[in-house]
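Asks: Here's a structure for you.
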Amino acid sequence: MPIPVFFNQQYPTLVDICARWQLVYDANATFELRFESDTLSLHNRDEPKLDGIVVDFVTGAVAHRRKFGGGRGQSIAKAVGLKQGVTPKVVDGTAGLGRDAFVLASLGCTVTMVERHPVVAALLEDGLRRAYQDAEIGDWMRERMQLFHGSSLEALAKLEQGVDVVYLDPMYPHRDKSALVKKEMRVFQTLVGADLDADGLLAPAMALASKRVVVKRPDYAEDLAGVKPSMVIETKKNRFDVYVKSAMK
């Protein structure tokens, strides 16, 4: 079913993007897509004071984390099993804005991002386009990060074998009140809604992953599908539930 959005119909680039992702013009739509400074951005028209949401792998917070974020000592790296001589092939089944996928790719993993919502997929594709063209990170980004648009459940069933790790970060109601999380989560939950079928992701993820499934959860959330993980890596506000199938080597 086509998604209604507002956009400048006089701007050929926007018209092309919306046609590609089957987004239909609606003068009364809550969300607007803009293309400014070679960047696609999403805006909530009900909250005009909020900045637009973009996917940016080249500058800002993700670039800072790539350079100064702790490398393979980060909790997410430990959770997916990154260690010397081991760089897993990962499917990120709930890509969102691609931040976790980018961290893993920057540490050497090959990552396929799966995103079902066409507006979010359009933002991801735009972010990848700019990253692929970047002199500093473009070469390895083209090698290690790709986008698959479709429902996670469908995608996990159809993706080729040879996947070491499936990473899941289902949408969950956030208690965090930080400005960034509030802004992005408000927009995301209005646009996408909660992942009501998230519990159904675990079984196909376990079937696809040859080594392990990693589920990122807020520290107050229950286990996905009520299944107890093999091990848990805790951070300040989140935890990584790890379901191990076989050893990393």
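Placement of Cβ uses the backbone N, Cα and C atoms for every residue, glycine included.
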Asks: Swiss-Prot has Arg99, Asp100, Glu115, Arg116, Ser151, Ser152 binding S-adenosyl-L-methionine. Which one of Asp56, Asp134, Asp169, Asp199 is in the same site?
Replies: Asp169
Asks: Within 10 Å of the Cβ of Arg99 (S-adenosyl-L-methionine binding site), how many other Cβ atoms can you find? Include all protein chains, please.
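Replies: There are 16 such Cβ atoms around Arg99 (S-adenosyl-L-methionine binding site).
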